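These notes are about the structure you will find just below.
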Amino acid sequence: MCGILAVFGCVDNSQAKRSRIIELSRRLRHRGPDWSGLHCHGNCYLAHQRLAIVDPTSGDQPLYNEDKTVVVTVNGEIYNHKELRQKLKSHQFRTGSDCEVIAHLYEEYGEDFVHMLDGMFSFVLLDTRDNSYIAARDAVGITPLYMGWGLDGSVWFASEMKALSDDCERFMSFLPGHIYSSKQGAMRRWYNPPWFSEQIPSTPYDPMVLRKAFEKAVLKRLMTDVPFGVLLSGGLDSSLVAAVASRFLAESEVACQWGSQLHTFCVGLKGSPDLKAAQEVADYLGTRHHEFHFTVQEGIDAIEEVIYHTETYDVTTIRASTPMFLMSRKIKSLGVKMVISGEGSDEIFGGYLYFHKAPNKEEFHQETCRKIKALHLYDCLRANKSTSAWGLEARVPFLDKEFINIAMAIDPEWKMIRPDLGRIEKWVLRNAFDDDQKPYLPKHILYRQKEQFSDGVGYSWIDGLKDHANKQVTDAMLMQASFIYPENTPTTKEGYYYRTIFEKFFPKNAARSTVPGGPSVACSTAKAVEWDAAWSNNLDPSGRAALGVHAAAYEESLGDKDTNQLHGSSQKLQEGLVEQAATVV
């Protein structure tokens, strides 16, 4: 990942202003430690902090068209850049950078080219011929982008809030799948997939179509000129990423440079569920596995840094970001600059445990749509900023545009969780890779119950965070929370604790408005909390809040009798699933 900063319409274009832009851009250097670039044109500035992944020797930014009248600063990867270059044969390219196609596509097609890009990206482009500019963000917001306005009438764009929060009177998160045009003075949505309307699809489930689409999504993300690996938690999603990457790595171009043995990485408290499962998957796949440990205290000590980098006070994001932040530092120390990760699957397939309570296929599908639309505020933000804090890039094949379209077109009746048919959460995905002739994964890994990352690294991690927050925040403080924080008022001591740290770094109203709020259970949207009346008394983003579903659900919220019944039925369900799955078609 790189860091971009662009400012248009500054009243002051003195040397002092240039120095200020450089200073603000420097706040993004963790995202791109390899090189810095700045282009000035009158009262317009485009700055870039580069993390060199493709064409490290000549792809420095900003990038230009042939006569340098079009300037672009980009954070992202364009996986189909070679195909796009074939459509631009009349253009002369200066570098081997995948992002240079953006400048030439603009020359060829004007502002209506963003839909042609297959990748993850945020970019700002300046046309110096008329001083017009555009800014755009990828389909679901894998890469971050913020937009702000200065008192002098200037318009700002930045990869992270910290680069513009001090100099802008107002700012906001740039909407995913949108483009801003200075000529129109407005934002419009360029990404218009069939599922966005939330109408219920009816395409029959075809496991081979789904499998091939995901394999294609993983393979295109092997585009790199630097060492890479896969984040492997041992859960279904990361294990499938590792299995596919490992299976096809030897045939790929990247194997010539970096070898055919895949590197995998996992983090957790000693003895955690993820560490054990990840090692088993790594042994099965024959990867070069790297296991990292952290203690609860080390995690707590990193919380302030995590909040500064992730720019959120959302409880579940901070819980999951902290181990990812610590792991990223270890990975970068090994010389690795890019990792492939499993984010997005739970949103697309209804993998969170609360989906067990979806009353019908219509509400199930609508909830998955809501979850995908909100990814830029949660898992995409976490995956990008936790890794970028250490100059590490995370790629997410489940959020491939083509794969999303195929997966979201499936009749949601197939995605519904049906224990009577042997279908647990994400059954359509598990079944697609259930190959007895040439197995991708062991059966018990393929059918392992969903474990949220913040839980899987070790249950005592969340318990330790709560205990720490209880010592920092008094009952009186929480009682007065609505007066201190009237917007998105924290309802727990843990939430209050994170909020106080966030406000220290980002004290403006605009900053706190970039963070979502509302009730949630096991990562649900507020709407889905209505699916079970008992959940309103147990609002917690941990998967263990899915009472009656998670095998290690919180016991303190239930009577002993109910708890035993729930654990018993949940355990029996898990034990029978592997056997049933082998016979279900």
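In case you wondered, yes, glycine gets a Cβ from its N, Cα and C as well.
Noted in TrEMBL for the protein shown:
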ACT_SITE  Cys2  active site, for GATase activity
DOMAIN    2-185  domain 'Glutamine amidotransferase type-2'
BINDING   Asp98  L-glutamine binding site
BINDING   Leu231, Val267, Ser341, Gly342  ATP binding site
SITE      Glu343  site 'Important for beta-aspartyl-AMP intermediate formation'
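On the structure: features taken from TrEMBL.
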| residue | record | Cβ contacts under 8 Å, 6 or more apart |
| --- | --- | --- |
| Cys2 | active site, for GATase activity | Arg31, Gly32, His48, Gln49, Arg50, Leu51, Gln61, Val74, Asn75, Gly76, Ser159 |
| Asp98 | L-glutamine binding site | Val54, Asp55, Glu77, Ile78, Tyr79, His81, Gly119, Met223 |
| Leu231 | ATP binding site | Ser238, Val241, Thr264, Phe265, Cys266, Met324, Met327, Val339, Ile340, Ser341, Gly342, Ala394 |
| Val267 | ATP binding site | Asp274, Glu291, Phe292, His293, Phe294, Pro323, Met324, Leu326, Met327, Lys330, Val457 |
| Glu343 | site 'Important for beta-aspartyl-AMP intermediate formation' | Asp237, Leu375, Asp379, Cys380, Arg382, Ala383, Ala394, Val396, Phe398, Leu399 |
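Just so you know, the Cβ of Ser341 (ATP binding site) picks up 26 other Cβ atoms within 10 Å once every protein chain is counted.
Restricting the average to the domain 'Glutamine amidotransferase type-2' (2-185) gives a pLDDT of 96.
The maximum pairwise C-alpha distance among Leu231, Val267, Ser341, Gly342, the residues recorded as binding ATP, is 15 Å. Counting every protein chain shown, the Cβ of Gly342 (ATP binding site) has 24 other Cβ atoms within 10 Å.
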